[in-house]
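According to TrEMBL:
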- 35-57: transmembrane segment (TRANSMEM)
- 69-89: transmembrane segment (TRANSMEM)
- 109-130: transmembrane segment (TRANSMEM)
- 142-162: transmembrane segment (TRANSMEM)
- 168-186: transmembrane segment (TRANSMEM)
- 198-217: transmembrane segment (TRANSMEM)
- 229-246: transmembrane segment (TRANSMEM)
- 267-289: transmembrane segment (TRANSMEM)
- 295-316: transmembrane segment (TRANSMEM)
- 323-340: transmembrane segment (TRANSMEM)
Amino acid sequence: MEEAQTFELQTRVVGQNQDEDIPFTNQSQPKHYKWWIRVISYILFLISGQSAAILLGRLYFDKGGNSKWMATFVQSAGFPILLPFLFYFSPFVKSVPVSVTSVPRRPKISTLVFLYSAFGLLLTGDNLMYSYGLLYLPVSTYSLLCATQLAFNAVFSFFLNSQKFSPFILNSVILLTISASLLAVNSDSENASTVSKGKYVIGFLCTVGASATYSLYLSLTFSAVLDMQIYPSFVATCGCVVGLFASGEWRSLSKEMKEYKEGKVSYMMTLIFTAVTWQVASIGLLGLIFEVSSLFSNVISTLTSPVVPILAVIFFHDKMDGIKAMAMLLAIWGFLSYIYQQYLDDSKSKVKKKMKANSNEASLGLTGQV
């Protein structure tokens, strides 16, 4: 992510007006095969990184890990991996032709510090809720609940950006709500032997709350995407360290490492790879924002919802009963409905831009004749 003021020129984009949510690359030029390779690579980074991070997070708890703050810490602690991308993406932003008058004034340092701190603390709470969800829920259930992020994204777009609810968006919200409701009433039939119903409810509420919080975070921070990923992540990491010591969990980390079922080395590697895979997912997320749009990256990130439950059945032997299978199908249906509406919006936007370009050309032709 870049300088707040320069990136804001190209991203009024996400979350604000979907007609303006256009690819970062020049729309008037045909897509080069290298562009497609980059986009496909970023999609693979996002899906594989996010899926692996969720599975590794669950593995940590399954093999003897019990520190919620440590699980929260690794979700943001790998942010230094993103620092080189500040230099990689900067040339693209600087090459965008804009008028001098369109450059917004850079906010005061005190304002930026306040914003980064506030968003960092928000991210800390969000990651902590995700950790509780991973601890108390089966991975498949957790992943399906994370799909509600799309529904919350639509709701926040309605209230924050005055985006109307189309029939397909409304259908998506309803289907994802029903999917989450099915998982809520299914608490008695799954995981009853290992987790109490009360803890299941806590995990359920925390996961839904985390999805809502993250949707709000995305809606508010995409005017300076890279800055709003790195600096709040730094604050969130510091917040996790404070939480780790304030809660007293740091005292049990040594014992936790010794008693980890797979050994000390495996314990450290699990935490390290969890941190790395979250940042791999972030690289994919950021790459898609720069190459396509932030909305597209948000939608692609929910593709892990049907992928992770299948992997969870294979690696963690999660139960896939009829209710959960129905919830997964409804989530996929809601996802496709959301995607189709974005396709319609994008097509309408392209038609408008083409008509505007033709109108401008016609006006220039008449002026030349005069």
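Each residue's number is its place along the chain shown, starting with 1.
Cβ coordinates come from backbone N, Cα and C, glycine included.
Note that this is a predicted model, so its numbers are computed, not measured.
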Range from 35-57, 69-89, 109-130, 142-162, 323-340 with the greatest count of C-beta pairs under 8 A to the transmembrane segment (229-246): 109-130
Same-chain residue ranges lying at least 6 outside the transmembrane segment (198-217) that approach it to Cβ under 8 Å: 119, 122-123, 125-127, 129-130, 132-137, 141-142, 145-149, 152-153, 155-156, 180, 183-184, 187, 191
Residues from the same chain, set at least six apart from the ends of the transmembrane segment (142-162), whose C-beta lies under 8 A from its own: 15-18, 54, 58, 133-134, 169, 172-173, 176-177, 179-180, 183, 203-204, 207-208, 210-212, 214-216, 218-220, 298-299, 301-302, 304-305, 307-309, 312, 324, 327-328, 331, 334-335, 338
Stretch-level contact, the transmembrane segment (295-316) and the transmembrane segment (35-57), CB cutoff 8 A, at least 3 pairs: yes
Contact ranking winner - 69-89, 109-130, 168-186 against the transmembrane segment (323-340), Cβ under 8 Å: 168-186
Sequence-remote partners of the transmembrane segment (168-186) [C-beta within less than 8 Å, at least six residues beyond its ends]: 141, 144-145, 147-148, 150-151, 154-155, 204, 208, 321, 323-324, 326-328, 330-331, 333-335, 337-338, 340-341, 344
